[in-house]
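Listed in TrEMBL:
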- 10-21: compositional bias 'Low complexity' (COMPBIAS)
- 177-198: compositional bias 'Low complexity' (COMPBIAS)
- 209-220: compositional bias 'Low complexity' (COMPBIAS)
- 228-243: compositional bias 'Polar residues' (COMPBIAS)
- 29-165: domain 'PLAT' (DOMAIN)
- 1-21: region 'Disordered' (REGION)
- 166-243: region 'Disordered' (REGION)
Amino acid sequence: TRLTTVPLKTPTETSSISTTTSHDKSLTKTWQIIFHTANIPSSSFRLPQNSSIDATLKFSFISIDGKDETEQYEIEMKDFPQYFKSGQHDSFRTKLRNIGTPQKIRLILEITGNDDDDNDDSDDIKWQLDHIELIDPKTLSHYEFPCHQWIRPSQEKIFHLMKSESSQDEILRRTSKSTIDSKNSSSSTAAKKSSPKPTKTEPEKKTSRSSSSSLPSSYESPKRFEQFKNSVANPKRQVSTDS
């Protein structure tokens, strides 16, 4: 399955809800959160057809000591029918209370609107999440939270920050390489368009300056010239022997 990246959205564009009540901007922090759905055919999130069920994805960040936690950020899944598909990277911009670099992410998928107990369609709702990526827009630091499990309704999950620094460096290196490759490809295309096509030049024809070729065919040599030519060709002298 081809990997696709969903363009970055702001909370207004995504209709996502943050329950923060603080009006002091210094106490809040903006993060870019990217959900990486597993790259297998059955991993996509789907709601049952012709159902009144609504699904809300809620998550919050937990501090390094585990004693502080942000407010919940909510994403109404029905508003994004083309998101959370197999192999996709779905990105959102969030603004939550600043607790420093999150060490854990608490996530839960809540289902509402299903009042028919005899036909519980929520049992068929699931979504396989590979990992969550956090990016600090100011420092461009990348943080990865491995998941590798199914997300089902009403099952709370807590994902821990990957501790390996080499893995964090690999995420940043992978992103930087993608940017560089894109720039090189654009430069190569521009160079091909601007470079002039080579023109084929015909070699100059050399002209002969021989006297025979420059004289008309009807030209006759003077008799004096013919006599001189013959004398040169036959240098014998006739000696008179008068007695």
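Heads up, the Cβ atoms here are built off N, Cα and C, so glycines get one too.
DSSP states for the domain 'PLAT' (29-165), grouped as helix (H, G, I), strand (E, B) and coil, give 11 helix, 66 strand, 60 coil. Confidence over the domain 'PLAT' (29-165), given as mean pLDDT on the 0 to 100 scale, stands at 91.
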